[in-house]
Amino acid sequence: XSSLPAASVSLPADSEGGEEEDLQCVCLKTTSGIHPRHISSLEVIGAGLHCPSPQLIATLKTGRKICLDQQNPLYKKIIKRLLKN
């Protein structure tokens, strides 16, 4: 059994008359070359009005936050497992 990093899933709340700046994807660039052992926590932001696809944000053990490419098979598996919970 592989040990997955701590994770949280946040589904966007539909904002009532929220500001237009909020209606965008957090992840404009993604990366797929990060090994899970370098990740201290993961956050999945579900798709919504602000962004058409789910976003996977990893916090590295160095404290840096990066967006992971959810098309990567390894990350897809992680997202699927997280969204099940």
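Even glycines carry a Cβ here, placed using N, Cα and C.
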Between C25, C27, which residue forms the disulfide that Swiss-Prot gives for C51? C25
Setting K76, K77, I78, I79, K80, R81, L82 aside, what same-chain residues sit with their Cβ within 8 Å of the center of the Cβ atoms that define the heparin site, listed in sequence order? Y75, L83
When the Cα of C27 (disulfide bond) is compared with the Cα of each of the binding-site residues I78, I79, L82, which one is closest? I79
